[in-house]
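The active site annotation in Swiss-Prot covers ASP130 and is backed by sequence analysis. What Swiss-Prot lists as substrate binding site is MET75, CYS76, HIS77, MET115, GLU116, and the listing cites sequence analysis.
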Amino acid sequence: MSSFTHFNDQGRAKMVDISDKKITVRTAIACSSILVTKEIFDKISHNEIGKGDVLAVAQIAGIMAAKRTSDIIPMCHPLLLKGVDVSFDWKQSEEQYRLLIEVKVKTEGSTGVEMEALTAASATALTVYDMCKAVDKGMIIGETYLLEKTGGKNGDYIRNS
């Protein structure tokens with residue numbers, strides 16, 4: 001089992017020792033989405049959701065989630081993040097309204113920020129759901145995935161379309 005970095009010689013979980021890894025600039029971009037009804041789209045667009053400004057609150061939730069990733073993902077190292085940016089874009093087709101979520105995370109350290117970006121994207125989508133569920137519980141959170149990452153000994157990664 002020693003080929004798995006998160007297991008010790010006894011096959012038990014461990015946090016990987018990163019003290020010998022080189023400190024480099026590391027970035028990650030993760031994406032998610034949430035499919036909503038026209039009613040929810042209109043209410044978000046006109047700031048008519050009873051709980052407040054959905055996108056502003058979801059953006060803050062995403063930033064907070066990135067900062068707290070090591071608290072909820074057991075083997076993630078606590079990181080000093082240099083920046084977190086949560087952005088939104090609407091994609092409309094016929095009667096479908098999809099809120100696209102993109103999260104960019106940056107640090108300078110000895111481990112990557114992929115999990116921070118993915119956690120932030122997930123928390124952002126979950127926050128939109130939470131704030132809008134009184135209007136309609138049928139919203140669908142879409143795929144959450146890593147779009148790209150830079151830095152580290154394994155090099156850069158860019159997701160194929």
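Backbone N, Cα and C atoms are what each Cβ position is placed from, and that goes for glycine too.
A Cα-Cα distance of 28 Å separates HIS77 (substrate binding site) from the residue listed as 'active site'. A straight line from the CA of MET115 (substrate binding site) to the CA of the residue listed as 'active site' spans 22 Å. ASP130 (active site) has GLU116 as its nearest neighbour among the binding-site residues MET75, CYS76, GLU116, going by CA to CA distance. Listed in chain order, the extra residues whose Cβ falls within 8 Å of the Cβ center of the substrate site residues MET75, CYS76, HIS77, MET115, GLU116 are THR69, SER70, ILE73, LEU79, THR111. Fewest Cβ neighbours within 10 Å among the recorded positions GLU116, ASP130: that distinction goes to ASP130.
Each of the binding-site residues MET75, MET115 was scored by the other Cβ atoms within 10 Å of its Cβ; the lowest score goes to MET75. Over all protein chains present, the Cβ of HIS77 (substrate binding site) has 16 other Cβ atoms lying within 10 Å.
Here the Cβ of CYS76 (substrate binding site) has 18 other Cβ atoms within 10 Å, regardless of which shown protein chain they belong to. Residues MET75, CYS76, HIS77, MET115, GLU116 are the ones the record ties to substrate, and the longest Cα gap between any two of them is 12 Å.
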